[in-house]
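K.L.:
Taken from Swiss-Prot, the feature transmembrane segment covers 3-23, 48-68, 92-112, 119-139, 196-216, 225-245, 255-275, and the record attributes it to sequence analysis.
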């Protein structure tokens, strides 16, 4: 392990932190990086590389949990009335989050082996990037024609279920969990900020659970000589994700989804040109 390896870990953590919660697909970007960098440089064994991805994803998840710490405490009954909506009697509930989680959890369980075997390639990521961009452009167009629910505390169970169904699209690498779910929320009548809030809150339990299970499963690959590599990636992913989530939430109602859609289309077309 040398200083260059640590720099690589930091760069990969930055990629994860930048893309995990922006609607551009962190999985897609990590597959691309894995294909054109990790595999070609042979920095890690395949098993250690997969464990590293889990570690940096955990860093980005903990960052969003930190951003929403007051909301999490509120959901657990440990903090009261953190928004004006809650003071008037409206409140996002754990039940709504559970309703949103069920569809993707069921489909992911049923088709996990198929997804792992057939959908994790640069070509499928390119398809997901472009298809997700089309969905995002459609969501912004629909959003211009209707009034929106501007607070996550006012969303309905129907909207929560609908966003959960849209989240199923993210099982295809490249679609993006946040891109699919925020687009779905906007189509269903939420403001961009309210849809983003629910998307991030809903992601915390399922991604935290999946990451911890994967980490336990791959614990043997956390060897002492790789520990500096893993720690560097974890810290960089946490710090970058912290800034990205806060920045994204401040701006999403103003910039909408179009800039992200344009980026996805350009990247998807570039991947088709380079890898087809």
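Each Cβ is built from the backbone N, Cα and C atoms, and glycine gets one as well.
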K.L.:
For the transmembrane segment (92-112) and the transmembrane segment (196-216), decide whether they are in contact, meaning at least 3 CB pairs lie under 8 A, counting pairs 6 or more apart in sequence.
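P.N.:
Contact criterion met.
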K.L.:
Check the transmembrane segment (255-275) against each of 3-23, 48-68, 119-139, 196-216 and return whichever range has the most CB pairs under 8 Å.
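P.N.:
Between the stretches 3-23, 48-68, 119-139, 196-216, 119-139 has the largest tally.
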K.L.:
The transmembrane segment (119-139): which same-chain residues, six or more beyond its ends, come within Cβ distance under 8 Å?
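P.N.:
For the transmembrane segment (119-139), the list is 23-25, 27-28, 31-32, 35, 169, 171-176, 179-180, 182-184, 186-187, 257-258, 260-262, 264-265, 267-269, 271-272, 275-276.
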